[in-house]
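Enquirer: Summarising the annotation, TrEMBL assigns domain 'Response regulatory' to B:4-119. According to TrEMBL, the 4-aspartylphosphate annotation covers B:Asp54.
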Amino acid sequence: MKSREQEYREIFMAEALEYYDAMSRHISELERNPADEPALNELFRLMHNLKSNARAMGYTQIGEAAHHMETIFGLIRSKDMTFTGPVVTVLFDGIDTIGEMIRAVGADQEASDISFLLENLDRLVRGESPILEDTQEEEEANRKLELSDLVYIQIKKLDHLLNLVGELIIDRDRVLTLSQEIGNPALMAAAAHFSRIADDLQYSVMDARLVGVGSLFNKFPRVVRDVAAAEEKDVELTIVGEDIQIDRNILQIITDSLLHLVRNAIGHGLETPAERIAAGKTGQAHLTLSAQTERDDVLIQVIDDGRGIDVESVRRKAVERGLVAAETAATLDPDAVRSFLFEPGFSMAKQVTEISGRGVGLDVVKLAIDSLGGQLRVDSVMGQGTTFTLVLPTSIAVKGALLFVLDERNYAIPLMHTDSVVSLMPDDFHVVGGMLLARVQDENLPVVPLRRLLHNGDGPLAPASKAELNGRQDIIIVNYSNRKLGLIVDRFLRQQDIVIKPMSKPLDTIDLFGGVTLLGSGQVCLVLDVPALTRLFLARRP
Amino acid sequence: MKNRILIVDDSFYMRTMLKNMLTDAGYEVVGEAANGQQALELATQTKPDLITLDVILPDNTGLDVLKGIRQEQPDVKVVMCSAVGQEVIVNEALESGATAYIVKPFSEEKVLEIVGSALQDSESAQS
């Protein structure tokens, strides 16, 4: 449970950064048009709020700076001062300084000395000229001596590093195996050392890719404001746990999902102020975006205090849609019923609204989370609200794989189990005992269309016939415990290092897939588990 | 019966703090408004016993809201929330029918003391 101080601090930070962004925008507007009264009024109001909030938090430096700035904006507003010349310079400098101070509070750092700014603001109030050139140049000169401890790096470069590490890991395994085959003790010791360093490097690179969840969360105050305004709802957003770390690409992948869940919550979950008050709630609805760590996972939650999900109505709809038999539906517990919400095309919205009816449905959110090897859960209490929980891995791991397309979807197959790839014409196949055989490099290999193997269900595969082979066939020959099997796919894509996450419960029971991966394009890609596929083929062959 | 309070402040931080203080002290916070328009709507909808009203609001000034509320609900207690240096507005607010005022940054004791005595006035006036 978070202490009230922590909660206040987080709210203060989120709001102060928002104020800072708005103030930066408004002062630029004012510079373009000094007669822009709304901008001036906003600057005054935001500075005033920042002052009050900072003082309440005990951040006296920020309070003091904001107080001085507010005074000047007040004077400009009452036409006792004009927004020109040195006044502009000092005020811009003031807003920059305030931004730095807010960030310093967020990073738990000492605030910088602001006596120079305060002195200049005081001078302006007294009608004196501020000190500009000399001191600032000196400051600039001093600043050049300090290099930041942080570097910014393009994610592309980190992706490249991760790919290199992936290749290194493959070579590490080869070197280890070779050294054992050769049996030279010095070589084996060197290989073991090399292996440890490669592991360490892999974890360091993964660690470098971690970012704070806040980098995504902090985009939401704006989203919530806009969506709430469009839906005529009054929504207060609380952000919790923005410092929780997660792989940057995972954050990228869940962006749309989170956006969808938030829009959904405001559009369908939360009621209008009038409805809420009629239901005995506060007119203002509450939405919380929260992140926390749970063992190796990151939990991200979207919590609303809206009307909740009507389990019985979901149950009825699931039966209407033919997703489940009525008798079975009646026996399902609420959790099982709510999981129908993640079925494709299952929308509970009575009317599709401008905001939440757009784009993806919950099934797509589910798919994105699955692609990360994560889970999506929903909990809800009628009349009290709904919570969507995304359970996500913190990081991702690397493997070499062959990518191919089947039914317009991308799949990957680990290179470790891939023997070769061939393209054959129908004449290269024979049917023996209902089984398709292909002659490849003086060997007769069993071949099966992967589509049939994946969608066969229980019971033996239907006997094969050459008639179903149309034109050139792309075949991946996999090899598992010396048993080769040809899989017919629609099209080969390429060989690539991929990052694989194992599928989590309950999906881990679908053992045909060893995990999921994400392509550079952001596409989801299931990774085939060759041992399981081979076992399935053996069990089901005609 | 619990006294019902409407909070009007454009800062979420301030609203949260006030709400916590008031709820902890046993009051019922019936609504929170972030601007003048919301304040007027919620005041009409919720008919609170007391309104805490920030002097500076994005759309109207707090004073306009005060006057608007006074026209509809002459009996509701209104506690103005202001910062140091706004004495001029506070005086005008008191003349326009505000019950009391609190100066930010405020302590919990001060808030409860002022809200408590503002409400007591109403009870003694009613009895």
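Note: Cβ is positioned from N, Cα and C throughout, glycine not excepted.
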Enquirer: State the three-class DSSP label for the residue listed as '4-aspartylphosphate', counting H, G and I as helix, E and B as strand, and everything else as coil.
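Expert: Assignment for the residue listed as '4-aspartylphosphate' reads strand.
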Enquirer: List, in sequence order, the same-chain residues at least six positions removed whose CB sits under 8 Å from that of the residue listed as '4-aspartylphosphate'?
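Expert: Those within reach of the residue listed as '4-aspartylphosphate', by Cβ under 8 Å and sequence separation of 6 or more, are B:Val8, B:Asp9, B:Asp10, B:Ser11, B:Met14, B:Gly62, B:Met80, B:Cys81, B:Ser82.
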Enquirer: What does DSSP give as the helix, strand and coil breakdown of the domain 'Response regulatory' (B:4-119)?
Expert: 56 helix, 30 strand, 30 coil
